[in-house]
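To keep things clear, I will list the structure first and then write my remarks on it.
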Amino acid sequence: MTDTTKIDYSKTLYLPQTEFPMRAGLPQREPLFVQRWEEMNLYKKLREQAKDRPLYVLHDGPPYANGNIHIGHALNKILKDVITRSFQMRGYNSNYVPGWDCHGLPIEWKIEEKYRAAGKNKDEVPINEFRKECREFASNWIRVQTEEFKRLAILGDFENPYTTMNFHAEARIAGELLKFAASGQLYRGSKPVMWSVVERTALAEAEVEYHDIESDMIWVKFPVAGEVATENDLSGSAVVIWTTTPWTIPGNRAVSYSSRIEYGLFEITEAENDFGPRPGERLVFADKLVEECCAKAKLQFKRLRSVSAEELGKIVLDHPLKGFGGGYEFVVPMLDGDHVTDDAGTGFVHTAPSHGREDFEAWMDNARQLEARGIDPNIPFPVGDDGFYTKDAPGFGPDREGGPARVIDDNGKKGDANKVVIEQLIAADKLFARGRLKHSYPHSWRSKKPVIFRNTPQWFVYMDKNLGDGTTLRSRALKVIDETRFVPTAGQTRLRSMIEGRPDWVLSRQRAWGVPICVFVDEEGNILQDDAVNKRIMDAFEKEGADAWFADGARERFLGARAGEGWTQVRDILDVWFDSGSTHTFTLEDRPDLKWPADVYLEGSDQHRGWFHSSLLESCGTRGRAPYNAVVTHGFTMDEHGKKMSKSLGNTVTPQDVIKESGADILRLWVMTTDYWEDQRLGKSIIQTNIDAYRKLRNTIRWMLGTLAHDEGENVAYADLPELERLMLHRLTELDELVRSGYDTFDFKRIARALVDFMNVELSAFYFDIRKDALYCDAPSSIRRKAALQTVREIFVRLTTWLAPMLPFTMEEAWLDRYPQSVSIHAEQFRPTPAEWRDDVLAEKWRKVRAVRRVVTGALELERADKRIGSSLEAAPVVYIADKSLSDSLEGLDFAEICITSGISVSDAAAPEGAFTLGDVKGVAVVPERAKGEKCARSWRYTTDVGADPEFPEVSARDAAALRELQALGKL
């Protein structure tokens with residue numbers, strides 16, 4: 001007989017055993033995995049493993065090689081990494097080649113700052129010396145950002161990234177430009193562009209952001225000019241315009257009206273101001289706006305008659321500055337414009353084609369007719385690149401006493417242009433009224449200073465030129481947008497509206513660091529089309545980079561025998577958006593490990609006007625379609641109160657800080673649980689919420705690892721599995737479909753939420769809780785225990801592989817703990833799910849079982865709260881079920897085991913008054929009762945067969961049998 005007084009029953013249980021730590025220690029542990037992956041060259045191993053699989057390519061939108069990464073970079077790269085890893089684990093060769101955008105103004109600024117600090121003048125430094133320093137600056141930040149991305153567990157070909165400053169890349173970018181030139185899409189023109197005086201360069205739409213500022217606003221009188229028929233009383237009257245940019249008045253060349261607006265001729269009857277209209281003056285306004293305008297000027301008026309659009313189209317006006325500076329003696333025509341409304345202003349639009357896109361278009365639409373009427377159609381250049389008026393603004397430019405007035409100075413501050421123009425309008429008695437207005441105004445996204453529209457000679461790509469096949473760049477792009485998948489779908493509408501309304505693409509910048517517009521032009525601006533010249537350029541760029549264009553003797557070198565023909569070398573550089581828009585050429589097309597087009601582009605929502613946009617135009621212009629099949633966008637990260645992060649507010653959250661304090665997997669979990677396509681929030685409390693969620697997840701993984709330490713790999717045939725195990729396998733089938741669908745549709749939050757809920761609700765609080773007794777206490781030969789181990793094994797393998805793309809550090813740690821000889825979890829595939837596991841009938845049955853169980857557990861929770869029981873094993877409740885379908889669902893089940901009680905009774909009798917119920921489970925009531933029998937010293941269950949085996953008098957018959965089996969195996 002065994003001396004039971006010497007048995008430590010806890011040592012006879014199959015309790016979880018694992019060295020997988022409860023405390024993650026991610027900040028210390030994660031770098032060890034980064035090192036391991038690098039030493040084993042995991043990325044290369046995955047490429048070799050997957051070389052015969054279909055390619056899946058996410059083309060990396062290049063971040064700018066300037067500064068440490070911020071939270072937006074982290075969000076972006078984590079999303080990309082999850083996509084590439086998930087496709088890799090689903091049977092694809094999912095390559096990820098990181099890239100960097102290296103040219104452009106921000107880097108130039110940094111080098112110029114260094115020069116200024118050293119007392120050097122950039123203009124005195126040879127251009128290629130300056131470009132060399134820009135290249136070194138970018139290279140340094142690429143190295144820094146590479147390490148920061150690796151620390152986030154971003155897996156990619158960091159040994160062979162792409163950069164826009166690579167010599168081959170520069171050659172390909174130049175080659176793409178030459179394609180536009182050869183097809184006639186590239187032209188040199190004069191158009192108003194957004195110009196940064198501070199940065200001395202034109203800006204693309206993607207480089208502009210809007211902020212509220214306060215501006216002068218003025219109403220200006222344009223007198224009706226010329227011979228007007230005697231019966232037309234418009235003679236001697238004036239048309240009034242309104243503008244918030246007084247400095248553009250010298251550039252005025254027309255006044256626009258709308259044939260859809262009703263106008264009237266009005267006479268001033270009373271005036272309170274010392275300046276402006278006097279009684280008796282006759283003025284033309286939109287009927288809808290006259291009262292508001294005259295109130296601003298403190299005027300009383302009366303309406304004389306209606307003025308038709310036909311009348312307006314026949315008259316011309318005098319310039320309000322006529323007689324000043326000797327340069328405003330021309331007439332100002334009236335133009336019918338679709339852009340004119342009567343929502344604000346006067347119903348007339350001051351039209352300065354040098355200073356506005358709509359003004360320019362209205363002028364150019366009428367250029368032929370204007371010339372036929374003897375009006376000069378040429379557009380002036382009233383403001384220079386430094387913000388000063390030029391000779392095209394007589395009286396305000398170099399001929400002005402004291403020098404030219406200035407619109408904006410080098411620091412982005414307002415100059416004196418508005419002041420001097422308003423003063424002259426007052427002197428000429430052409431100012432109707434004045435005021436101040438707070439409104440949204442464009443600013444450079446780099447300098448944060450206001451920009452201006454100014455007419456400049458620039459290089460453009462036509463949006464609406466026939467490309468020889470009946471299409472235009474615009475029509476091609478719009479067609480392709482309809483053929484592209486967008487996530488979220490609103491991105492399609494957004495990009496379409498931008499393409500529909502955009503002007504011709506401005507390609508040129510007046511800077512030094514970038515790929516040059518490598519063309520030669522004659523005196524008329526015609527581009528030299530010579531294949532031999534172009535080949536010399538391309539060959540030189542391939543070997544020496546674009547610096548070759550700026551080297552001494554470059555003109556003669558490239559032109560060769562044509563050097564004496566008078567061709568001029570263009571010195572402008574390409575807009576960096578053309579660089580990044582061309583990345584598909586030297587990555588997707590040129591790298592054997594990639595393919596064209598990419599399966600997906602993923603960037604922030606601002607890239608509808610940025611990289612998505614420029615890539616679409618570049619590719620449609622040269623290849624007729626987009627370089628991507630799908631576009632995924634994410635929002636921006638705000639603080640936890642929904643405010644924009646800024647250093648001045650002290651509310652920034654850096655990825656470096658989160659990683660240092662909590663670990664990269666915490667940051668990745670946050671990304672996975674956000675609605676990333678919208679703006680997200682991040683702060684201390686949100687990070688803590690994710691830490692708490694991670695701990696629960698980690699503890700579930702840890703419990704499985706500890707439990708599986710006793711797994712000997714035995715399998716039970718599916719038909720012999722208990723219902724509970726078959727239910728769990730069914731749930732794995734459902735989750736497998738959800739996970740695969742979620743990764744396909746980039747709906748990561750859906751996956752994360754489903755898996756976390758499954759682990760917390762269905763595993764920890766249900767399946768694992770129920771099966772702990774069998775797993776810990778059953779005999780080694782128990783089919784129930786073997787089935788449970790087999791099921792936990794299947795759950796572990798699937799959960800860890802499903803979560804590996806999201807939490808690569810933690811899942812690698814767990815996988816290697818379970819399979820220490822494995823290469824990596826990231827070399828695994830999602831396991832296929834046997835068709836027999838799906839059992840919808842069983843799932844419906846267990847939906848009912850769990851509903852009844854909820855009522856039981858609810859009743860027992862009250863018993864515990866009132867301290868009538870300490871554990872559910874002390875209970876043997878009576879369950880009253882009036883719904884036969886619910887009672888039928890319990891047939892064949894050990895419902896006490898499922899409710900984790902020592903006993904349970906089911907009755908179809910009427911429930912006694914006071915029985916516990918739940919409102920959402922009809923027809924079920926529970927009366928708690930204490931369990932009968934004695935407490936088993938090993939399993940702690942109360943049974944009536946404790947001591948049935950005299951050799952083990954302290955335990956139940958089940959536990960005694962288990963102890964005998966352990967004894968026979970020499971484990972007791």
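Glycine is no exception: its Cβ is also placed from the backbone N, Cα and C atoms.
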Matching range for Swiss-Prot feature annotation, motif ''KMSKS' region', among 84-88, 644-648, 679-683, 949-953: 644-648
Which listed span Swiss-Prot calls motif ''HIGH' region', if the choices are 63-73, 151-161, 481-491, 899-909: 63-73
Sparsest-packed of the listed binding-site residues (Glu603, Lys647) - C-beta count within 10 angstroms: Lys647
The motif ''KMSKS' region' (644-648) - residue tally per DSSP class, helix then strand then coil: 0 helix, 1 strand, 4 coil
Average pLDDT across the motif ''KMSKS' region' (644-648), rounded to a whole number: 81
Three-state secondary structure, which DSSP defines for Glu603 (L-isoleucyl-5'-AMP binding site): strand
Helix, strand and coil residues within the motif ''HIGH' region' (63-73) as assigned by DSSP: 3 helix, 1 strand, 7 coil
Rounded inter-Cα distance in Å - Glu603 (L-isoleucyl-5'-AMP binding site), Lys647 (ATP binding site): 24
